[in-house]
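In what follows, a structure is listed as structure tokens, so that the remarks can point back to it.
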Amino acid sequence: MTESEVDLTSEQYEKHREAGEILAQVREETAERVEVGVTHLEIAEYAEDRIRELGGKPAFPVNISIDEEAAHATPSIDDDSTFGEEMINLDIGVHIDGWLADTAITVDLSGNPELAEAPEQALEAAIDVIEPGVETGEIGAEIEDVIDGYGFNPVVNLTGHGLGHWEQHTSPNIPNRAVSQGTTLEVGDVVAIEPFATDGGGKVSEGASEEIFSLEREGTVRNRQARDALSQITEEFRTLPFATRWLETDRAEMALRRLKRSDIVHGYPVLKEDDGYLVSQKEHTIIVTEDGCEVTTRN
Ligand code: MN
Ligand code: MN
């Protein structure tokens, strides 16, 4: 897009801002409630209900990642896990009519304040260099430098991303390290910047569990529960991710297995570092403006 085509006061950007404002408030209120002994489910449901009360919709299930987990973990239907003295990443999203905001925060109950701080400082350094024409590789270099300076590694196979209409992940990717083959940001781009830091090697891999899903393609199924689930998915979530616990049909887990087997729905396996290491995360959504950027999820 050229500058003359972008109107940052248009309805689309107002909805991005409204989503960001709700999300900033919900992130802080939710993080305050994370304590040893509180259940993951209580925290996820608190955030998702609060988003709806404030006039938004959850853009994806609240991700609650513990210790070596980095992303894609959310409570199952009758999850009774509780927080211990752990490193906890909360990743939360809001949309207004499909226009998104995406944010994350680490709540450290593990006694590793520097690891929790590294991605926060890396994100601030990244935001400082954003302006029209900035290369995504330069943003990644800022992130890598700050996290290196703390003596940790950035997670290099997770990236920030553009936010499309009803799409949580679109181009461009925003790397968490210096890369030479990037792209440039332009006025009007809406992107999520999300540094991850770890005391591990800096590469996450897929774990066994899967609680977050999204629609892969249109299709038809015969089973009643699978059909009910599919109509809720296509009407309510469209192409945005959802959790098993959001499905209103009875036998939701069976319905999802059928939708997965037909390749109508795909799952997102939990992404994690090797056992014994910790991962921290911080994320904001920004809109590139003529003289820098506007952070929509700042409180
Ligand atoms: Mn996120
Ligand atoms: Mn994101």
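Cβ coordinates come from backbone N, Cα and C, glycine included.
Over in TrEMBL, the protein carries these features:
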- 14-202: domain 'Peptidase M24' (DOMAIN)
- His72, His169: substrate binding site (BINDING)
- Asp91, Asp102, Glu283: divalent metal cation 1 binding site (BINDING)
- Asp102, His161, Glu194, Glu283: divalent metal cation 2 binding site (BINDING)
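Annotated features, which come from TrEMBL, shown on the structure.
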{"residue": "His72", "record": "substrate binding site", "contacts (Cβ under 8 Å, 6+ apart)": "Asn63, Ser65, Glu210, Glu211, Ile212, Tyr268, Pro269, Val270, Leu271"}
{"residue": "Asp91", "record": "divalent metal cation 1 binding site", "contacts (Cβ under 8 Å, 6+ apart)": "Val62, Asn63, Ser65, Ala71, Asp102, Thr103, Ala104, Gln281, Glu283"}
{"residue": "His161", "record": "divalent metal cation 2 binding site", "contacts (Cβ under 8 Å, 6+ apart)": "Gln168, His169, Thr170, Ser171, Pro172, Asn173, Ile174, Val191, Ala192"}
{"residue": "Glu194", "record": "divalent metal cation 2 binding site", "contacts (Cβ under 8 Å, 6+ apart)": "Asp102, Ala104, Pro119, Leu123, Leu158, Thr159, Gly160, Ile174, Asn176, Gln281, Lys282, Glu283"}
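Proximity to ligand 2 at the level of Cβ atoms, with a cut-off under 6 angstroms, picks out Glu194 from the binding-site residues His72, Asp91, His169, Glu194. Among the listed binding-site residues, namely Asp102, Glu283, the Cβ with the most fellow Cβ atoms inside 10 Å is that of Asp102. Among the binding-site residues listed (His72, Asp91, His161, His169), Asp91 have a CB atom closer than 6 Å to some atom of ligand 1, in sequence order. All protein chains included, His169 (substrate binding site) registers 14 other Cβ atoms within 10 Å of its own Cβ. Mean predicted confidence for the domain 'Peptidase M24' (14-202): the pLDDT average there is 97. In sequence order, Asp91, Thr103, Ala104, Gly160, Val191, Ala192, Ile193, His284, Thr285 are the residues of the same chain, not among Asp102, His161, Glu194, Glu283, whose CB sits within 8 A of the CB centroid for the divalent metal cation 2 site. The record gives Asp91, Asp102, Glu283 for divalent metal cation 1. Within 8 Å of the mean position of their Cβ atoms, the other Cβ atoms in that chain belong to Asn63, Ile92, Gly93, Thr103, Ala104, Ala192, Glu194, Gln281, Thr285. In the three-state DSSP assignment, the secondary structure recorded for Asp91 (divalent metal cation 1 binding site) is strand.
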